[in-house]
Amino acid sequence: MVLSASLARPAKPKSQRKAAPKPMAAMRKRKKETTRQRQRRRAMELRAAREAKQVRPEMLIVPEDNLTVQELADMLSVESSEIIKSLFFKGIIATVTQTLDMNTIETVAEEFGVPVLQDDVEEAAKKTVEMIEEADKEHLIRRPPVVTVMGHVDHGKTSLLDAIRKARVAAGEAGGITQHIGAYQVEIDHNDEARKLTFLDTPGHEAFTAMRARGTKVTDVAVLVVAADDGVRPQTLEAISHARAAEVPIVVAINKIDKEGASPDRVKQELSEQNLLAEDWGGDVVMVPVSAIKGENIDKLLEMLLLVTEVEDLQANPDRLARGTVIEAHLDKAKGPVATLLVQNGTLKTGDVVAAGPVLGKVRAMVDDNRQRLKEAGPSFAVEALGFSEVPTAGDEFEVYPDEKSARAVVGDRASDARATRLAQQMASRRVSLTAMSGQANEGELKELNLILKADVQGSVEAILGSLEQLPKDEVQVRVLLSAPGEVTETDVDLAAASGAVIVGFNTSMASGAKKAADATGVDVRDYDVIYKLLEDIQLAMEGLLEPELVEEALGEAEVRAVFTIGKSAVAGCYVTTGKLQRNCKVRVHRGSQVVYDGDLDSLRRNKDDVKEVATGFECGVGTDRFANWEDGDRIEAFKMVTQRRKLTT
Ligand SMILES: Nc1nc2c(ncn2[C@@H]2O[C@H](COP(=O)(O)OP(=O)(O)OP(=O)(O)O)[C@@H](O)[C@H]2O)c(=O)[nH]1
C-alpha cells in the first residue's frame, strides 16, 4: 500500500482513535449527568468529531486497482465497520479482508468526501503513443499547441473557456455561431505573426483521464484554474497529478481576481507547497491572474500559453494520412454517429477511410466549431466528422488508411476486444426511471428497485427508510444504495447511472452540475415534499415490476334455443340475454350445475354472415371447433382473458 505523503495525510494510529462508547455504559453515564456535564460531554464529542474529520485525507491515491476493506478504512481514517456499513447499503456484504475494486473504492471514498486518484500515472505516461514517425521527419511544420483547462469544481473552467472564445469573436476572427464540438481554435497575434491555439473544451479532467487511460497524449499544455477566493482544493491537486503524469507543462490561471476576498498570493503560496513556484517568486511556473467574468488578462494568458509551448517544438507532418484522437462522440438522430476528432499528425480529408478504435468510418462531412464545412483539417485542428458506422469511443485513437480493405483488417482485430468492453459499459449504463419501471411489467425481469435517497435532514432520511421498510417486499425488493441528508450531487447521479437506480429527493435540491449530469445520463431524479406521495410512487413502481396476472373479464350470456347438426359438428342457435358475445372470446357452457365445455368460441354468425360481435336481444349461431354436443337450454357464459396490473400484497 503506497500513499503519497504529500497528498494524503496519514491515518490516525488506532491507539489514538477513540473507541465508540458502549451503548449501555453510555446510558448509565447519562443518567447521572448534570446539565453542565452533558454540555461538556457534547462539546468534547463535537471536538472529537471535528478532529476525526480533520485527519481524513484530502485525496486518496490508490496505487493499483484494489484495496482491502481494512486498507481503505485506514486510508480514510475511519473504522472498518463504517466501510462495511457503506458497502452493505450498496448491496455488498463484505469482510475486512475483502478486496474492493476501483469503482467500489471510489464510491465509498466519495461518500466520505474523499476523491480517489488511481496511481497508474507513470505507467500511463509511459504508454504515450508517438504520433510522429521516422518517415515524417522530412516534412515537419510547426503545429498549434493543444490546451486543456483543468481545476477544481466551480473555480471557473467553463467561464474561462467562454471568455477565451469571446475574446476571439470580439477580435473579429472567423465569426459565426460557435457551437460546442468539444474543441475550438483561437487565433492571436504573437510577435506580428498570426498564431493558433487549440482548446479542448470537454470537461478537462474527464477528457484527460479517458485519454490518459488509453495512453494517448493529446495536450501540450494544461491551464490550471484556481479561484483566487478559494485556493488549492482537492481537484486542483488531482489536476496537478494528471498534468505531471502526462509530463505536460502547467500554466496557472488565478481566476476570479475581481472578487472581494480574492488573494492571488494565497494561491501562489498554496501552489508552492505543491512544488509549483510562480515566476515572480523565483520559480518557473507562469501564473496569470485573470477574471473570466470580466474578461481581464485573457490575452495575457493566451500569450503565455504560446510562450510556454514555444520551447516544446510542437511539430507535425501535414503531408501524410491523418491520425489523432477522438475527443467526443455521440449519436445524432438525424446525422448518425458524430465524432469530434483532433488531428495530431497528417491532414484529414473528406472521403478518408478512418478506423477509430474498433469503429470504421468514411468521412462524409467535416465542420469546425463555427459550423463551417471543411474539406481538410491539418495538425492540431479539431473537427466534427460524420460517416462512422458506430459511435466511436472518446479517447480512442483514429487513423486514416489508404483503402477500406486495410482499415477493415485493423478494425476486425479490435472489434472483438471492444465488444466485451462495450457490453460491460452497456450493463453499467442501464438507466431506469420510475415511470419506465411502472411499465416494465411485461418484461418481468427486474425484481429489485434500486434507490438513492437524499433528504433535508437525517430525521427525514430515517423516517423515509422506516416507511420503505413497511412496504411489502415478498416479490419486489427495494434496495437503498445510498441514503443521506444533503443535496443530490453529481456523484449521486453517477452512482445511479452506474447501478440503474432512481434518485429520490425529499425537501432537498440538486447541487450544481447534478441536473446536467442527470439529463446527460438519463437518470430519473424525483423530488418530493410529502412523504406519502413519495411512498405511493415507489409502491407504484414496485407494482410495475410485478408480473401482470391474467384475469377473466365477463362479456355476456346467451341461451341455446336450437341445435343444428352439420356433419360431425354442430351450431348452437342462441339468444344473447345479457352483455354480448364476441368471436374468438372464451366461453363456458353450463348445463344445469355442470360445465360441459370450457374453451374458445370459434365462429359467430348472424343470418349466415360471420360477425365479430352480437349484442343483447339478438339471435346468433355459435360454433366451436372442439365441442359439438350442444343441447337446448344450455347457458353460454362468454368472457375474455385480460392482463391486469398486480397490486403488492402485505
Ligand atoms: N466573480 C467571478 N466569478 C466567476 C469568475 N469565473 C467564474 N465565476 C463564477 O464561478 C462560478 C463557477 O464557474 P464555472 O465556469 O461554471 O466553473 P467550472 O469550474 O466550469 O465549474 P464546473 O464545470 O462545475 O466544474 C460561476 O457562478 C461563475 O459565474 C470570475 O472571474 N469572477
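Glycine is treated like the rest: Cβ placed from N, Cα and C.
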Which listed span Swiss-Prot calls region 'G4', if the choices are 231-234, 255-258, 491-494, 547-550: 255-258
Matching range for Swiss-Prot feature annotation, region 'G1', among 151-158, 343-350: 151-158
Per Swiss-Prot record, range annotated region 'G3' [choices 65-68, 201-204, 361-364]: 201-204
For the region 'G4' (255-258), sequence-distant contacts whose Cβ falls under 8 Å of one of its Cβ atoms, 6 or more beyond its ends: 151, 155-156, 159-160, 225-230, 264, 289-294, 296-297
The region 'G4' (255-258): DSSP-derived helix, strand, coil residue counts: 0 helix, 1 strand, 3 coil
